[in-house]
């Protein structure tokens, strides 16, 4: 009797194990990504190229408008200096390796939870800023545009400093509500369309607001990041690991199986925002250079934008030939740096290109002379006032 019981228990255990193995096999089969069709791959990469070009075009145009606005108001623009450009690849390397170590030590879920919350706030603000002109133009006259002004200061008199000085209207509040709704959709579903909306907003705002002051600064920045990208992609697995683990809208994605699975597709091709914003701020500088010359044609801008497009196509082609992730800046930097230099050489404008500055800095001699003149005028005015008092 006991033997029969033991035999039945063994059979039951064997049956359970067989069921578990069968279900595990089925699960691995269902989880395997089906190979994408050539048409699906073509659609995905074409979409990525278009999405990469749009932020550079619109961001560059907006950067020209922002530059003119700051010049007209006399506001000092925040620009990247040569020193900043030299240190940037080192700072980026430390940040990248730090993220890699975090993913090795801590659970990926917890890190991505923190990063999702952080990028949710940034994404809502960036998208609201991007939507503001569109919403203002489409808003019916029935909706009143009531202005608001939040102004916090510190100190009094000469020592008075602005802590918060922000102006907005009811239309901006509507933009914020729309952006917040998209942000909640991203938080709940992590849908690739919501990711791309935030990613495009980051890219356009980055190209618009991050200004290189001159061509030399741009060359230093691009040269440094050229070697940075090659080392971290080819020399280590750090870049690829972080890119795959990092669940935040810092990359544009497009499904390669969209023709088969529609909007619920899951096999994504991706392009990092750095491969858009870094060349983008350099191309935006060239558009501002073209604009400063009051030319009808924007030859530096259009030629370098075309070179960027060709560099992206070269990246995609090499990636598919060698079946390995490629550092996009390996192809984009020579294209974006070499093209304006070639155009300037042909047009005989090399000196003009290198001499251009968005915001010319005063030379030390002129600055000292200006300070002496101001101090001299102030002392003479004081003497006149004392004579009048007598």
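Yeah, the Cβs are placed from backbone N, Cα and C, and that goes for glycine too.
What TrEMBL records for 359-375 is compositional bias 'Basic and acidic residues'. Per TrEMBL, region 'Disordered' is recorded for 359-390. For 42-64, 85-103, 109-131, 168-187, 219-243, 263-287, 299-322, 328-346, the entry in TrEMBL reads transmembrane segment.
Here the transmembrane segment (168-187) has Cβ contacts under 8 Å with residues 116, 120, 123-125, 127-128, 131-132, 135-136, 139, 143-148, 150, 194-195, 197-198, 249 of the same chain, all six or more residues outside its ends. The transmembrane segment (263-287) makes no contact with the transmembrane segment (85-103): fewer than 3 of their CB pairs lie within 8 A, with pairs spaced 6 or more apart in sequence. Of the Cβ pairs linking the transmembrane segment (85-103) with the transmembrane segment (219-243) and spaced 6 or more residues apart, 3 or more are under 8 Å, so the two regions touch. Segment contact is absent for the transmembrane segment (328-346) and the transmembrane segment (42-64), given fewer than three CB pairs below 8 angstroms at sequence separation of 6 or more.
Within its own chain, the transmembrane segment (219-243) is flanked in space by residues 80, 82, 85-86, 88-89, 92-93, 96-97, 99-100, 103, 212, 251, 270, 272, 274, 278-279, 282, 325-330, 333-334, 336-337, which lie at least six positions past its ends and keep a Cβ under 8 Å from the stretch.
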